[in-house]
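As given in Swiss-Prot:
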{"type": "TOPO_DOM", "residues": "1-10", "note": "topological domain 'Cytoplasmic'"}
{"type": "TRANSMEM", "residues": "11-31", "note": "transmembrane segment"}
{"type": "TOPO_DOM", "residues": "32-75", "note": "topological domain 'Lumenal'"}
{"type": "TRANSMEM", "residues": "76-96", "note": "transmembrane segment"}
{"type": "TOPO_DOM", "residues": "97-223", "note": "topological domain 'Cytoplasmic'"}
{"type": "TRANSMEM", "residues": "224-244", "note": "transmembrane segment"}
{"type": "TOPO_DOM", "residues": "245-336", "note": "topological domain 'Lumenal'"}
{"type": "TRANSMEM", "residues": "337-357", "note": "transmembrane segment"}
{"type": "TOPO_DOM", "residues": "358-534", "note": "topological domain 'Cytoplasmic'"}
{"type": "BINDING", "residues": "C480", "note": "heme binding site"}
Amino acid sequence: MEVLGFLSPELNGPMVTMALAVVLLALLKWYSTSAFSRLEKLGIRHPKPSPFIGNLTFFRQGFWESHMELRKQYGPLSGYYLGRRMIVVISDPDMIKQVLAEKFSNFTNRMATGLESKPVADSILFLRDKRWEEVRSVLTSAFSPKKLNKLTPLISQACDLLLAHLERYAESGDAFDIQRCYCCYTTDVVASVAFGTQVNSSEEPEHPFVKHCRRFFAFSVPRLILVLILSFPSIMVPLARILPNKKRDEVNGFFNKLIRNVIALRDQQAAEERRQDFLQMVLDLRHSAPSVGVENFDIVRQAFSSAKGCPADPSQPHLPRPLSKPLTVDEVVGQAFLFLIAGYEIITNTLSFVTYLLATNPDCQEKLLREVDDFSKKHPSPEHCSLQQGLPYLDMVLSETLRMYPPAFRFTREAARDCEVLGQRIPAGTVLEVAVGALHHDPKHWPHPETFDPERFTAEAQRLQQPFTYLPFGAGPRSCLGVQLGLLEIKLTLLHILRKFRFEACPETQVPLQLESKSALSPKNGVYIRIVPR
């Protein structure tokens, strides 16, 4: 009875409340740091985490600068905590080779956040395991040289709009932010190639497609919500998935409806009436496709080895086969949406960086202009294969640009099973982050890494280059699928521009460029130059 009396809330309410508060605070304190011993147990050095949020404040300047600092302080193997999630950062080429190639079967998937929403959740970027392999097999054959040639006229049409826009700045002689011009241009290309829609972004900024693109890329998660998601993922991630998000739903709904309407129209048309674009190429592969095995998935290796000749069609030796599960409409929509993300952000940033480097390195630009003039005499209407073979110095300039400023400067792989990588124990579920930027700026592999030097990428220099020290588009079976299309667009764009103009630095040109590193690496304040008629 005395015990019951002691527990009676009427007699001891304040004491019970205080005891519960103490227990709750103790549990909260334990929870706030309980996840932060795993890196130490693995013997991986890392910055000291803060309760709940881990090392979130370490990245307040951006991932680019923080990766450089991690490499400087802790070497090519380090780690950090993103909220409660452990991330292992690698920039050692031998370890990267193991993860991306030799032990790829254990590192097939990218990191899943649980926050992916349709339609991008159905893209090749986020598909996992067997379904990723099936869809990748289908899409690999969509990027053959023969099919890429069909896209060249669509890209050239958008180039004509860009050139007309640049002509005005050439006539005025004023300094301007060419990154904004490239934003409009890549929007036009994406609309035409992936969505079957013609737009002129610079003249029609309020066009629904253009407006929804702006809204999509302006979207960001409020800082408080991000902190809560990272601190309490088991509660906040499911909650974030079910709570309505009007802006996100409107943007996703617009692109979803647009693509589905185009698909419905194409299905009603005869084959010869259908527009030949990327969307149609994917639609043609919905039910059967050339059988392309995982060993043929490394599109990046094929793209960068093609300087010796036009790359072979990866689908050529294989016969069409029925898919175990045909591409769903959702998956077709997902690939088009991914094209928007990569085709806008990556291409815009790469064009901006190469323009800046040419403007601030006039000797390199002069050498490139001579090559462009010689090439144009031989190929007045260039196609994919001629662009691959005929512009070796442009290839060198682009390669060095992508070394200095890799737009996709980090990417992840997730361990499916416990394993060891060069003696380092990696538990199942561990996320490995490849720090491409830190790798590309490591003086051990790239002497004087801050200097723009296209001669690093002569044929002889590339033969001597250590494998897996240059990864602008990843490597291995899960490397960037659209690399050949991306390079085609960049080369074709620069070819069209440099036939008519040259880039010049001016007082408004920011040297060195300040960088912004959120989802991709980009110039923080644009790229201001002058453009001069030739």
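Note: Cβ is positioned from N, Cα and C throughout, glycine not excepted.
In the three-state DSSP scheme, the residue listed as 'heme binding site' is classed as coil. Counting every protein chain shown, the Cβ of the residue listed as 'heme binding site' has 21 other Cβ atoms within 10 Å. Counting residues 6+ beyond its ends, the topological domain 'Lumenal' (32-75) has Cβ neighbours under 8 Å at 81-86, 88-89, 91, 227, 230-231, 409-410, 424-425, 427, 435, 437-438, 441-442, 515-518, 521 in the same chain. Helix first, then strand, then coil: DSSP counts for the topological domain 'Lumenal' (32-75) stand at 22 helix, 2 strand, 20 coil.
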